[in-house]
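What follows is a short report on a single structure.
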Amino acid sequence: MSSGNVQNQTTFLNHVADRLGRERRTTVNPPSYFSFPHQKMGKEADISELAKVLKKQCLAIHTDVREATINNLREVIDQVFVEYEAITAAVWDDPRFHQFGLDSIVERPQVSVWGEEPGREANIQAAEQADVGITFSDYTLAESGTVVIMNGAGKGLSVSLLPTNYIAIIPLSTLVPRMTQATAAIHEQAEKGRRLPACINFISGPSNSADIELDLVVGVHGPVRACYILVDDLKKEKKNEHETN
Amino acid sequence: MAMKIGGRSFDKRAEQGVRDSYMRETVRTAQERLYTNKSQAEEELGDWEEWRSLSEKIRSHTVDNLDYYLERLSENVSKNGGHVYFAQTAAEANRYIQSIAERKEAKKVMKAKSMVTEEISMNEALEATGVEVIESDLGEYILQIDDHDPPSHIVAPALHKNKEQIKDTFSRRKGYQKTSKPEELTQFVRKKLRREFLEADIGITGCNFAVAESGSVALVTNEGNARLVTTIPKTHIAVMGMERVVPTWEELDILVSMLCRSAVGQKLTSYVTGLTGPKAQEDVDGPEEFHLVIVDNGRSNILGTPFQSALHCIRCAACINVCPVYRHIGGHAYGSIYPGPIGAVLSPLLEGYEDHQDLPYASSLCAACTDACPVKIPLHELLVEHRKVIAQEKKTTLGETFAMKGFGLVASSPRLFEMAAKTAPALLAPFTNKETIEKGPGPLKEWTAIRDFPGPKKERFRDWVKERNKGGAE
């Protein structure tokens, strides 16, 4: 990746420093914060408590919630399809679909896998015409009912955006208390000098607007309905623990 | 649309606002709802004051070291393959954006809501070169098709309009045939704009926060339009006021939490989007080209002055939502795209006193704004600071200078007094019964009584609201 242009930087920043009454600063000591209220929130909560908080928040953000095990996840997704009167779908090209036993959904002719067709327009078109977009969640924020997704390559931005409905598959192992834990992980990447995904989405339910008389309308430019499917991917580990005990 | 809106004097605009009983009712309801939502959101967060202090610290640290963080930001954007343009003036910013449109042979630009692009009149600049600019935020779209009616609130720009008016505009301009139900109006816009999104050559957004450490731009939205604008078009231009930077993603967490709660009482808005553009080689969608335009346009003049904390603003509008003056005169009366207390502080700083000298007086100095501010900008004190400057710089009467010096910093300017005399009956309607107001010198006495109550900071504004509402119901 070649570097982009930066124009007028020196004059502009010299002027800023000048207005601040000092020379340009090339190093700054990180700010010393005296309190960390965000880090305390939900610190003690275990996964089941976080799931409870998440489910409660989903009521506030007009988001449907379903619960599934790895064994019945496919059926649960199909039930949501029926409920949403959905036939076509766009999904990420993501190994988790296979890991969670969803090959039979991905392979359906009405399901388009991101990046499968060559070309930007064809993929955007497919997502635009899909009844449902399905992605996994990378981090799930209990407090705000938020699915955090790291887009890139097979994980197209359009899948969670253009279809009429959106399904997020949420492995319980992705649950964290709030935005703090997700941004800490992203910060860690940035600190190591790694390039971040070109788009990181924090999605909390369907699109909405209150621009007309402050009346909330659900379904504006993004998905009209959203459903989170919580999948218990921790049971197996628990079983293993018992076995080793 | 430049910062200044409406041609007439402040008094005339205020008078028009006060007489517009429909607008006042809408604004009153909106303020109450937004205020209640914010209060709930504050409580859920635990120690709100602790969050406010932390946020204030983040903002002051960043603005104190603005040159350093802007340098890091621009270097990181560039490292990712994005382009950065530092624009001292609105004209420079517009010229750069025009040049991109020209190079891309762009016919259609899709825009997400952005105050700074309003401030620099970017739409007009692009339109002058023959580019079609479409506002995609529902509120902004409503205003755009209604002959570019100016926004009256920085978060809910079409707050002054009711659904009937919106329906009429849609029918007149876009052949809309359904009812005035917000759901139907919204569905209409969804369908209409979806096609436009797919055809747009360039997407332009503002920037709620830019993250220096990674060269990212964060957008805080609900409708999904900002996501469309940054997903489908092959070029994305983000325009940011130069102060909108945070050091790292960790500070972004705090400020986004505060912004969402303070603006609309949401824990997070439906979409918080972190863009580190342009897209990577292996990505299929997202912008192939990314430009960040960092705009000064008068901001640097605020640095190093007693007004510097005005640059800490995160544009949540919480101060607007509690302001008793905004409640009565509405957003347009301020004559600036930045209304309410923060507008009264910022507009004279960015555009000079000449056009905005009345604004520092459009306040009762009740300090509700200062109390509401999530980053603790002492708004009412800055308004007093403005009055001092104005008083010292000739633009005032002897009487006011006396009042300032003799009686401390109370809201007894002749200008406000004059306005009060004109508007008192309407202002007082919610508080008292009609008979009292119509008698003799009553209005001024009553107005003064209300204005002086409560004394700054002695009583919490929310208690005052509670008390006042009780009074209104009797």
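We number each residue from 1, going along the chain as drawn.
Cβ coordinates come from backbone N, Cα and C, glycine included.
When TrEMBL records B:Cys313, B:Cys316, B:Cys319 as binding [4Fe-4S] cluster 1, the matching candidate from B:Cys207, B:Cys373 it lists for that site is B:Cys373. With respect to their backbone Cα atoms, B:Cys313 ([4Fe-4S] cluster 1 binding site) and B:Cys369 ([4Fe-4S] cluster 2 binding site) stand 12 Å from each other. Listed in sequence order, B:Val155, B:Met258, B:Leu259, B:Ser262, B:Ala263, B:Pro374 are the same-chain residues six or more apart from B:Cys316 ([4Fe-4S] cluster 1 binding site) with CB atoms under 8 A from its CB. Residues 5-6, 10, 13-14, 16-18, 20, 23-24, 27-28, 30-31, 34-35, 38, 56, 59-60, 63, 115, 150-156, 159-160, 208-209, 243, 255, 258-259, 262-263, 340-347, 349, 359, 362-364, 366, 368-379, 382, 385, 423, 426-427, 461 of the same chain lie 6 or more positions beyond the ends of the domain '4Fe-4S ferredoxin-type' (B:304-334) yet place their CB under 8 Å from a CB of it.
Ranked by Cβ neighbours within 10 A across all protein chains shown, the binding-site residues B:Cys313, B:Cys366, B:Cys369 are led by B:Cys369. In sequence order, B:Gly340, B:Pro341, B:Ile342, B:Ala368, B:Cys369, B:Thr370, B:Ala372, B:Cys373, B:Leu379 constitute the residues six or more apart from B:Cys319 ([4Fe-4S] cluster 1 binding site) in its chain with CB-CB distances below 8 Å. Neighbours of B:Cys323 ([4Fe-4S] cluster 2 binding site), defined as other CB atoms within 10 A of its CB across all chains, total 28. Confidence over the domain '4Fe-4S ferredoxin-type' (B:304-334), given as mean pLDDT on the 0 to 100 scale, stands at 96.
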